[in-house]
Amino acid sequence: MATVLSSPRAPAFSFSLRAAPATTVAMTRGASSRLRAQATYNVKLITPEGEVELQVPDDVYILDYAEEEGIDLPYSCRAGSCSSCAGKVVSGSLDQSDQSFLDDSQVADGWVLTCVAYPTSDVVIETHKEDDLIS
């Protein structure tokens, strides 16, 4: 004798074909497998060789993106536990919650470790500042 199991009906979904706004939003799948909107910010790096501007996604470390663009920035640990990649924020904001080297007062004073810093707004950073930080 065969048993037939019935499944509940799938919920109904509706959608609209209204025109989307002219802005572009990239959707990415994060570590949690949930989709999220990805913002991109203008990051200006003031290096000893001059200024460079990059459009950095909010989920990419500034150092990593600079390297992808062929910009040579100092680094050592790539984990936020040393000062090799130290910079100074001139304006803007970022998330460097993965770092463990800087104390709260240094972060409040605008120090940044570019190897573990994500932009959260347009930002200007003076790079190559390790000597200033540790002196």
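Every residue, even glycine, has its Cβ placed from backbone N, Cα and C.
Listed features, source Swiss-Prot:
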{"type": "TRANSIT", "residues": "1-38", "note": "transit peptide"}
{"type": "DOMAIN", "residues": "41-131", "note": "domain '2Fe-2S ferredoxin-type'"}
{"type": "BINDING", "residues": "Cys77, Cys82, Cys85, Cys115", "note": "[2Fe-2S] cluster binding site"}
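Structure with Swiss-Prot features highlighted.
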residue : record                        : Cβ within 10 Å
Cys77   : [2Fe-2S] cluster binding site : 15
Cys82   : [2Fe-2S] cluster binding site : 17
Cys85   : [2Fe-2S] cluster binding site : 28
Cys115  : [2Fe-2S] cluster binding site : 26
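Along the domain '2Fe-2S ferredoxin-type' (41-131), the predicted structure has mean pLDDT 97. Excluding the listed site residues Cys77, Cys82, Cys85, Cys115, the same chain places Leu63, Tyr75, Ser76, Arg78, Ala79, Gly80, Ser81, Ser83, Ser84, Phe101, Leu113, Val116 with Cβ atoms within 8 Å of the centre of the [2Fe-2S] cluster site Cβ atoms. Under DSSP, Cys85 ([2Fe-2S] cluster binding site) is assigned to coil, being neither helix nor strand in the three-state scheme.
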